[in-house]
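Here is what TrEMBL says about this protein:
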DOMAIN    1-26  domain 'C2H2-type'
DOMAIN    27-54  domain 'C2H2-type'
DOMAIN    55-82  domain 'C2H2-type'
DOMAIN    83-110  domain 'C2H2-type'
DOMAIN    111-133  domain 'C2H2-type'
Amino acid sequence: CTCCPKAFRDKHALTIPQRVHAGEPPFTCARCHKAFRDKHAVTVHQRVHTGERPFACTCCPKAFRDKHALTIPQRVHTGERPFACASCPKAFRDKHALTDHQWVHTGEKPYKCSSCGKTYSQKQHLKRHQRVH
C-alpha cells in the first residue's frame, strides 16, 4: 500500500484499503446504496430491509439485528452495571451513560439547544427542554 506500511498478496486485496485511505467507503447496501467502511456493518444494516433480528434475548421477547445491541438489554435482566463512576457510587450498564453522567461532576454541558442556546450536561435533559419550543 502506498499510504500505509501494510502489504498484500495481490492487487485485489489492496483495493479495499486504498478506498478507505481515499475516504471512500468500500461497501454499499444493494438496496439503498448507503456506504459502509466494513462488510459486517453492511450485513447488520441489510437487516433493516429484511426485518431479520437474529439475536434474541433469553429473558424477554426482544430481538436485535446486531449481537452488540443485545448486550445492554441483557444487563437490565442481570442487573450488571460494569461501568462505575470514579467520583461517586453510581454505576451504569453502558459506557456512554457513564460518560454523560461524568459531565455532572465536571460541570461540562455539551448538549446545546439550537433554538435558544441553553446548554445541558445530559442529552435527555436537552430533549425534554426542546419540547418547550
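Backbone N, Cα and C atoms are what each Cβ position is placed from, and that goes for glycine too.
Bear in mind that TrEMBL entries carry predicted annotations, made automatically and left uncurated.
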| message | If we skip the immediate neighbours and take only residues 6+ beyond the ends of the domain 'C2H2-type' (83-110), which ones have a Cβ under 8 Å from one of its Cβ atoms? | response | 71-72, 75-76, 119-123
| request: Count up the helix, strand and coil residues in the domain 'C2H2-type' (27-54) according to DSSP, in that order. | output: 12 helix, 4 strand, 12 coil
| said: Let me spell it out: take the domain 'C2H2-type' (111-133), skip the flanking residues so only those 6+ beyond its ends count, and list any with a Cβ under 8 Å from a Cβ in it. | reply: 100-101, 103-104
